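J.: The structure follows.
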């Protein structure tokens with residue numbers, strides 16, 4: 001019975017994670033459609049300080065869609081392992097890219113299509129090999145995990161690294177190095193996911209009728225989540241404001257997911273009961289998603305398609321063919337001259353020289 005319940009929770013969390021990506025990916029399209037409609041009407045754009053989008057129903061639909069996606073993502077952590085839920089966040093980027101090619105007439109080039117395919121393959125691989133057992137089922141169990149020496153050491157290191165980057169490295173190199181602000185967001189993000197996981201368990205206990213409001217751990221997790229999320233938003237906005245989005249998005253995904261996977265392995269011990277094949281499969285799926293996200297973003301401004309590749313291949317073949325033909329003609333002429341010399345035709349040689357002399361005399 002417990003095993004069946006664990007599988008039910010796993011697939012429920014998986015469904016919530018996938019639906020979260022669909023809602024969040026679709027929210028970007030709805031918001032963009034609303035902003036474009038306002039631009040066609042001549043309203044002041046949001047980038048110029050305008051707030052006319054507050055009167056556009058498409059923008060509100062996008063905001064509600066994003067809210068539903070974040071709520072589904074929050075709930076997914078209560079049922080499925082963080083090792084599964086966090087990497088599947090890449091599907092929102094895939095959904096946004098695919099929908100924008102249909103509804104925003106933004107071209108999805110060959111690299112983007114390959115990136116989408118690799119992201120789907122990587123996500124499928126991670127779903128197959130992700131741990132299906134849940135290690136923490138109550139707040140009491142969560143409190144035991146939080147005071148574990150391994151996690152305490154990890155949390156102390158994360159906080160020290162974040163403070164060093166915020167107060168020492170950031171003011172000096174934050175404007176020139178893309179990794180500074182992204183590192184702050186990523187390491188703090190690993191703690192925020194832990195808080196979300198704990199709050200999800202608290203909500204499950206509250207639904208079951210247990211007293212959660214009187215438990216101080218629930219309030220500590222809530223305050224920790226607010227502090228972590230506000231820090232993430234602040235420094236992620238700085239990174240997006242300074243650097244290209246096509247670089248920030250894949251790098252942040254890699255750093256953030258790696259931090260979460262590390263925290264999950266230490267706190268929730270989700271990797272402890274995985275076989276070697278499942279560990280390799282999970283890591284391979286994660287790396288495949290990374291490559292897919294990189295292809296989707298790094299080359300999105302490059303116009304490449306199968307037809308253009310075929311044309312370029314034909315262009316490359318033509319000079320090569322012409323070069324072979326000219327080489328054959330030269331070889332044929334030189335062979336003819338050698339045959340003439342071997343046969344010894346002095347009259348032809350004299351005639352050629354006399355022709356050349358005659359033409360020079362005519363000039």
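Using the three backbone atoms N, Cα and C, a Cβ is placed for every residue, glycine included.
TrEMBL annotations: computationally assigned, not manually curated.
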J.: Among 34-56, 57-79, find the range that TrEMBL records as transmembrane segment.
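T.: The range carrying the transmembrane segment annotation in TrEMBL is 57-79.
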J.: Based on Cβ pairs under 8 Å, which of the stretches 57-79, 85-105, 150-171, 216-235, 247-268 lies most in contact with the transmembrane segment (12-30)?
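T.: Comparing 57-79, 85-105, 150-171, 216-235, 247-268: 57-79 has the most Cβ pairs near the transmembrane segment (12-30).
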J.: Where else in the chain does the transmembrane segment (178-204) make close Cβ contacts, counting only residues six or more beyond its ends and a cut-off under 8 Å?
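T.: Result: 74-75, 77-79, 82, 86, 136-139, 142, 155, 158, 161-162, 165-166, 169-170, 212, 215, 217-218, 221-222, 224-225, 228-229, 231-232, 235-236, 238-239, 242-243, 247-248, 251-252, 255-256, 258-260, 262-264, 267-268.
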J.: May I ask for the residues of the chain that lie six or more residues beyond the transmembrane segment (150-171) and have a Cβ under 8 Å from a Cβ within it?
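T.: For the transmembrane segment (150-171), the list is 180-181, 183-184, 187-188, 190-191, 231, 235, 259, 262-263, 266-267.
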J.: Can you work out which residues elsewhere in the same chain, 6+ from the ends of the transmembrane segment (216-235), have a Cβ less than 8 Å from its Cβ atoms?
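T.: For the transmembrane segment (216-235), the nonlocal Cβ contacts are 139, 142-143, 146, 162, 166, 181-182, 184-185, 188-189, 191-192, 195-196, 198-199, 202.
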